[in-house]
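Annotated features in TrEMBL:
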type: SIGNAL; residues: 1-26; note: signal peptide
type: TRANSMEM; residues: 227-250; note: transmembrane segment
type: TRANSMEM; residues: 292-320; note: transmembrane segment
type: TRANSMEM; residues: 326-350; note: transmembrane segment
type: TRANSMEM; residues: 362-387; note: transmembrane segment
type: TRANSMEM; residues: 393-415; note: transmembrane segment
type: TRANSMEM; residues: 453-472; note: transmembrane segment
type: TRANSMEM; residues: 484-510; note: transmembrane segment
type: TRANSMEM; residues: 522-541; note: transmembrane segment
type: TRANSMEM; residues: 553-582; note: transmembrane segment
Amino acid sequence: MLKKMAVIRWLVVALLLVFRIQEVRSGADHKYKEKEEVPIYANKVGPFHNPSETYRFFDLPFCLPDHLKEKPEALGEVLNGDRLVSAPYKLPFMVEKESETVCRKKLTKQEVLKFRSAVAKDYYFQMYYDDLPFWGFLGKVEKDKNDPSEERFYLFKHLHFEILYNKDRVIEINAKADPNAVVDLTEDKEVEVEFMYTVRWKETNIPFENRMEKYSQSSSQPHHLEIHWFSIINSCVTVLLLTGFLATILMRVLKNDFVKYAHDEEAADDQEETGWKYIHGDVFRYPKYKSLFAAALGSGTQLFSLALFIFGLALVGVFYPYNRGALFTALVVIYALTSGIAGYTAASFYHQLEGTNWVRNLLLTGCLFCGPLFLTFCFLNTVAIAYTATAALPFGTIVVIVLIWSLVTSPLLVLGGIAGKNSKAEFQAPVRTTKYPREIPPLPWYRKTIPQMAMAGFLPFSAIYIELYYIFASVWGHRIYTIYSILFIVFIILLIVTAFITVALTYFQLAAEDHEWWWRSFLCGGSTGVFIYGYCLYYYYERSDMSGFMQTSFFFGYMACICYGFFLMLGMIGFRAALFFVRHIYRSIKCE
């Protein structure tokens, strides 16, 4: 136990050190003297409603800076689609400018077409000034005054920068386009354009430490914080009351069962047994495909560990708004470091189930989640390359990920598997298993696997339904999610409800003398992942304005992987709860 605690402590310290190095490396604590150059980088452009479809800033024919250079990016920043390059603007500290010319360009017909297409698709740009992000739109679309059925496309050519400072530090930056300084791009002809910018500096009392709070306040949560809290509490109370109600009924039924079985034992030993006691000789019979079952448990345990570490980092403030790439870095690093947990859990459980081919079991464990994720990534990365989008990972980044998988994930998986194989743990079955399985009696349709999964997934999904919108609006939109405490509470409620509903359905299954509960409990626990994917369909078509093949494939592709991960994790939770319950009830009665 002490060794496990030491490993966990080391893992947390290592992660915090990685993020601290990344934060220092970013230069976010720089102080500046008057007229000193402050780093400004252009990041990307893309359709506002398609957050995954972003392109390099200079894919559009903007003015090029005198010395174009790319900013080195960390792994998480590249995975986030950031491609920072030096911007054409110069904003020295405390230096105001009035209608400064960036460049004069004669846009060709092809360049006019590019800009017009971007304006028509509501393109926005993103830049970073002293590691502070800011955004703006490229242009606007208006109805033609002479013909309202026709539209005219205008490109903004004059940006106004307003920068707030506190002593020698930059606190805030805003960029607004002058709506009157525009270039008409409606016709296919060459256009002369002069790009300009104005800079204004204002003093503020906001301390440097609080400069990121502006981005937290721009999210949807704080504006409706009381409503949000009320909705979550209302949802949690409703679910907990329903859970408590079902728990009370289940406990009363179990108590009656124990009394009945005890009375039957005293009355007549040869009396025919009925209900869940009747199948005591089959309930601990090992499931079919036990290697796959153990691999699913191992992968689910690893993903559960990953979720706990991510929540831990979130609650200590690592994922503050626009700590670029921190979440992706954490996901890659923690997943690699927790692969030993998957190997140990799978091999140990497979050993308990008297499995012999542990090499195949480890291969299954390593590929069960990574395999579908890898295939999905290959397809979506090919789509991104075809679109020349920033979501396409560079070859160097792919090599780094492959090296992490080869040098960290795989060895830890094997080491964990060896430790699990050599563990002396035995499967704890309170009753003996008979040599031949009993025949399962005919069951009504609503006791089949699919209807049971539907019932099992609905209640946990209802517990997280309200929070899903905020999460989706953050991941697949431009909102910022900052209230991780609410999310953690909802996550705990999700685990509790999943465990309980799986236990309840397992009891009803055993009471119907169906002893094949192993896979059923896993599938029922994980069925919430199917409901979440169903919500994806609703969100895409009803709550978002996403469109296009690339955005659609990215949304449904990566959400399929996420929901599959939820399926494995919650399936593990459901089975563990059901196993604990089944052991408890059969330990409480006398079975000959």
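Just so it is clear, glycine is given a Cβ too, placed from its N, Cα and C backbone atoms.
Because TrEMBL annotations are produced automatically, they should be read as predictions rather than curated entries.
Here the transmembrane segment (393-415) has long-range neighbours at 75, 78-79, 332, 335-337, 339-340, 342-343, 362, 365-366, 370, 381, 384, meaning same-chain residues at least 6 beyond its ends whose C-beta is under 8 angstroms from one of its own.
Against the transmembrane segment (362-387), stretch 553-582 has more CB pairs under 8 A than any other of 292-320, 484-510, 522-541, 553-582. When Cβ-Cβ distances under 8 Å to the transmembrane segment (453-472) are tallied for each of 292-320, 484-510, 553-582, the top count falls to 484-510.
Counting same-chain residues at least six beyond the ends of the transmembrane segment (484-510), those with a Cβ under 8 angstroms from any Cβ of the stretch are 228-229, 232, 236, 239-240, 243, 246-247, 250, 253-254, 275-276, 279, 283, 307, 311, 314-315, 319, 447, 452, 455-456, 459-460, 463-464, 467, 471, 517, 520-521, 524-525, 528, 570, 573-578, 581-582, 585. When Cβ-Cβ distances below 8 Å are used as the criterion, the transmembrane segment (553-582) is approached by residues 52-53, 283-284, 296-297, 299-301, 303-304, 307, 368-369, 372-373, 376, 379-380, 383-384, 391, 456, 460, 476, 494-495, 498-500, 502-503, 506-507, 510, 517-518, 521-530, 532-533, 536, 540, 546 of the same chain, each at least six residues removed from its ends.
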